[in-house]
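As recorded in TrEMBL, the features of this protein are as follows:
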- 31-141: domain 'MTTase N-terminal' (DOMAIN)
- Cys40, Cys76, Cys105: [4Fe-4S] cluster 1 binding site (BINDING)
- 158-395: domain 'Radical SAM core' (DOMAIN)
- Cys172, Cys176, Cys179: [4Fe-4S] cluster 2 binding site (BINDING)
- 398-463: domain 'TRAM' (DOMAIN)
Amino acid sequence: MARPSVKIKAKASAKVRRLAHGAVAPQPRTPKVGFVSLGCPKALVDSERIITKLRSEGYSIARDYDGADVVVVNTCGFLDSAKKESLDAIGEAMNGNGRVIVTGCFGVEEDRIREAHPGVLAVTGPHQYEQVVSAVHDAVPPLHDPFFDLVPPEGLRLTPRHYAYLKISEGCNNRCTFCIIPSLRGDLASRPSNHVMIEAERLVSAGVKELLVISQDTSAYGLDLKYAESPWKGSPLKARFLDLSRALGDLGAWVRMHYVYPYPHVDHVIPLMAEGKILPYLDIPFQHASPSVLKAMRRPASQEKTAERIRRWRDVCPDLAIRSTFIVGFPGETEEDFQFLLDWLKEAKINRAGCFKYEAVEGATANAIEGAVPEEVKEERWHRFMAAQKDVSSEILREKVGSTIDIIIDEVDEDGAIGRSKWDAPDIDGNVFLNGEEGLKAGDIIRGKVVEADEYDLWAERA
Ligand code: SF4
């Protein structure tokens, strides 16, 4: 099987072996499900929930297409390129196995999926966990075996053991013109604060060292619940970004905030970063900086003077890292708008940035905005953006040389260890390389002296 996570499969099979050792009578054959998970961390969390549910019912996770009784493909439908990748993945699963259930964001386009792959068994939309599980039951009935108790209390995860995504809400109340997520996932629906905390505490007890808080709009957390309190450790805990950040910070793991918008109340969370309660890191998908483009995009908090706000945040927490994503070539973006963005990037000292060339997403209201930017102009702006970002990033990382920093180890290989600093999220940001270091393992948090830097990564020696 080309795509499913090797880690989840290895973990699941180890547990099956343990059960087999303890069994006295031959067991009926365990039904096996293959899983292909595409898209963003939010989709990954959906996959984890589905897998957890299936494991609790006695299914095991197949290592490859051949060994699976059915394959679930969790798709992404955000951009046309993602839809194409999803269709290809479904095709690959159809060729490799032939019994395929499709779920996820692209699942809302059932007609298109069935037109390309008429043989798929079922198609469900995003976070329709029950429907996916029931489609799996239809395809391969579960074993009713009371001895199946293979699911750890923290659930099953597709990430390495030492970090985990923690989803605090679904959906989004914003209506950015380039985005169809609210039509796919609905309005903001926050989880009660104690539900989030129970999950977070279980993860930390199971060995998770870093919690990556995700949602579509993390700083809006609890708005739909009117910030309702729920009991946590004998006291009421409000469903509010600040209160939740503080409570998560008390668990003793690294806490990293993703998908935060620069609403004024975010100011109150910065002191928690300065105190070391949560990581000095904010993932804020700005998408642009020019006021006219932001207005056309209908971005949340677009009226805020963000460069000024970031400067104030850094007065409170000097080593705050900002990671962001940007879109170039949005309809109507002029050369002036683009230059504004480049200047802003340098002024705001955005530590890490991803850049996308604008793609018209089917169903997005931005498609009706005049002034489409030609592809070659998008391409040229993308290169200029990346070059400008490289300069900003190099300069920030050069300043780290000689300092001693905390490093979380992600993997160990023959050259030493590969980790990350507090300013780097897994998969999307940079690394810290510890060449020649021995005796480390994934999940260790150590102190290291930075000896070298390039545009995106650091090299360090154990301090
Ligand atoms: S904030 Fe905007 S881009 Fe993000 S999910 Fe909501 S509508 Fe989409």
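Cβ coordinates are placed from backbone N, Cα and C, and glycine is handled just like the others.
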Practice task
Taking the Cβ of Cys176 ([4Fe-4S] cluster 2 binding site) as the reference point, list residues of the same chain whose Cβ is under 8 angstroms away and which are at least six residues distant in sequence.
Solution key: Gln287, Met297, Arg298, Arg299, Pro300
Fill in the blank from the handout: Sorting the binding-site residues Cys40, Cys76, Cys105, Cys172, Cys176, Cys179 by sequence and keeping only those with a Cβ under 6 Å from ligand 1 gives Cys172, Cys176, Cys179
Problem - Which of Cys40, Cys76, Cys179, the listed binding-site residues, has fewest other Cβ atoms within 10 Å - result: Cys40
Exercise for the section: Using all protein chains shown, find which of the binding-site residues Cys105, Cys172 scores highest when you count other CB atoms within 10 A of its CB. Expected result: Cys105
Practice task
Could you find out if DSSP has Cys105 ([4Fe-4S] cluster 1 binding site) as helix, strand or coil?
Solution key: helix
Handout entry: Helix, strand or coil at Cys76 ([4Fe-4S] cluster 1 binding site) [DSSP, three-state]
Key = coil
Exercise for the section: Round to the nearest Å and give the CA-to-CA distance linking Cys179 ([4Fe-4S] cluster 2 binding site) with Cys76 ([4Fe-4S] cluster 1 binding site). Expected result: 13
Practice task
Give the sequence-ordered set of same-chain residues, not counting Cys40, Cys76, Cys105, with Cβ within 8 Å of the centre of the Cβ atoms defining the [4Fe-4S] cluster 1 site.
Solution key: Leu38, Gly39, Lys42, Ala43, Thr75, Gly77, Phe78, Ala82, Gly104, Phe106, Pro126
Exercise for the section: Give the three-state DSSP assignment (helix, strand or coil) for Cys179 ([4Fe-4S] cluster 2 binding site). Expected result: coil
Practice task
Give the distance between the Cα atoms of Cys105 ([4Fe-4S] cluster 1 binding site) and Cys172 ([4Fe-4S] cluster 2 binding site), rounded to the nearest whole Å.
Solution key: 14
